[in-house]
Amino acid sequence: MTASLTTKFLDNTYENPFMNASGVHCMTTPELDELANSKAGAFITKSATTLEREGNPKPRYISVPLGSINSMGLPNEGVDYYLSHVLNRQKKYPDAPAIFFSVAGMSIDENLGLLKKIQESEFNGITELNLSCPNVPGKPQVAYDFDLTKETLEKVFAFFNKPLGIKLPPYFDFAHFDIMAKILNEFPLAYVNSINSVGNGLFIDVEKESVVVKPKNGFGGIGGEYVKPTALANVRAFYTRLRPEIKIIGTGGIKSGKDAFEHLLCGASMLQIGTELQKEGVQIFERIERELKDIMEAKGYTSIDEFRGKLNSL
């Protein structure tokens, strides 16, 4: 019995549910091409701002024993760079499944401007609006402000009619899950992506008695194994609260087929990999695909739909 990882997401069919997390291995055209030619089912661009951004001073990304700490500050080549890349790729491979395009403006107005540019372009893929970057000094995460989130989405959907998902930060309280889900259910969202890194963690070099990243006095977003339980909880919480039309992309702590299986069991439709992709490179997709298939075949599953979202309670 052979397990299939074929994944239907919106109107697209992907060979498997795996993709990069925006921010990892997607800064430049060569990196994006490498993703496209890898075993990943899909890929997403670097979160784009209107103009090129250098980001925060280095060191700003450090691998630590169970994951990573980063305070990148949204370095990117600017929206026109990535839009040109995806439009060229659409023309070259018209039958390929949809590309994901990420934007992360520094303000509501910038986000609206970015989305208007995408709306007016020939881009026919899926857009992700990042409302949860924790690493830009002086810029709070929009998605922790429920009123501002609702205001943003009202303005976005007044004109934007292409498929749109949003990337959320982690939440830690049932009341916050309830409030955010109620807001999101009011809008024609394609998906939510849970989670972005756990913001404002601190990692210390004991020998130097120092922090390990330079920006924000060492405070940075935490990724990797550290965040998997939080990521799973957020995936599950939104899967059980959102309208079934709003899909879930699970992100956080995926480094093995077992981790992927857990995210899918909680209700995720697609899976993004960040920290472990940074450590291992694009060959990770082939390994995790094989490991997930092995788990499914051992359990007698032939497709992901047979177990997605079917997490048992005690």
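Every residue gets a Cβ built from N, Cα and C, even glycine.
Per Swiss-Prot, the feature active site, nucleophile maps to S132 (among others); the stated evidence is similarity to another entry. Around S132 (active site, nucleophile), a 10 Å sphere centred on its CB holds 22 further CB atoms from the protein chains shown.
Proximity of C133 (active site, nucleophile) to non-local residues of its own chain (separation of 6 or more, Cβ distance below 8 Å) is seen for S47, L74, A104, K139, Q141, N196, given in sequence order. Positions annotated as active site, nucleophile by Swiss-Prot, on the basis of similarity to another entry: C133 (among others).
Neighbours of G252 (FMN binding site), defined as other CB atoms within 10 A of its CB across all chains, total 34. In the three-state DSSP scheme, G252 (FMN binding site) is classed as coil. Under the heading FMN binding site, Swiss-Prot lists K46, S47, N130, K167, I195, G224, G252, G253, G274, T275, citing similarity to another entry as support.
Neighbour count (other Cβ atoms within 10 Å of the Cβ, all protein chains): 30 for S71 (substrate binding site). Annotation source Swiss-Prot lists substrate binding site at K46, N70, S71, M72, G73, L74, N130, N196, S197, citing similarity to another entry.
Across the structure, S71 (substrate binding site) and K46 (FMN binding site) are spaced 15 Å apart at their Cα atoms. Taking the Cβ of K46 (FMN binding site) as centre and 10 Å as the limit, one finds 28 other Cβ atoms among all the protein chains shown.
With the fewest other C-beta atoms within 10 Å around its C-beta, G73 stands out among the binding-site residues G73, G274. Note on proximity: of the recorded positions G73, S132, S197, the one nearest G274 (FMN binding site) is S197, by Cα distance.
Shown are the binding-site residues N130, S197; the one with the most C-beta atoms within 10 angstroms of its own C-beta is S197. The binding residues for substrate are recorded as K46, N70, S71, M72, G73, L74, N130, N196, S197; their greatest pairwise CA distance is 16 Å.
Reduced to three states, the DSSP call for C133 (active site, nucleophile) is coil.
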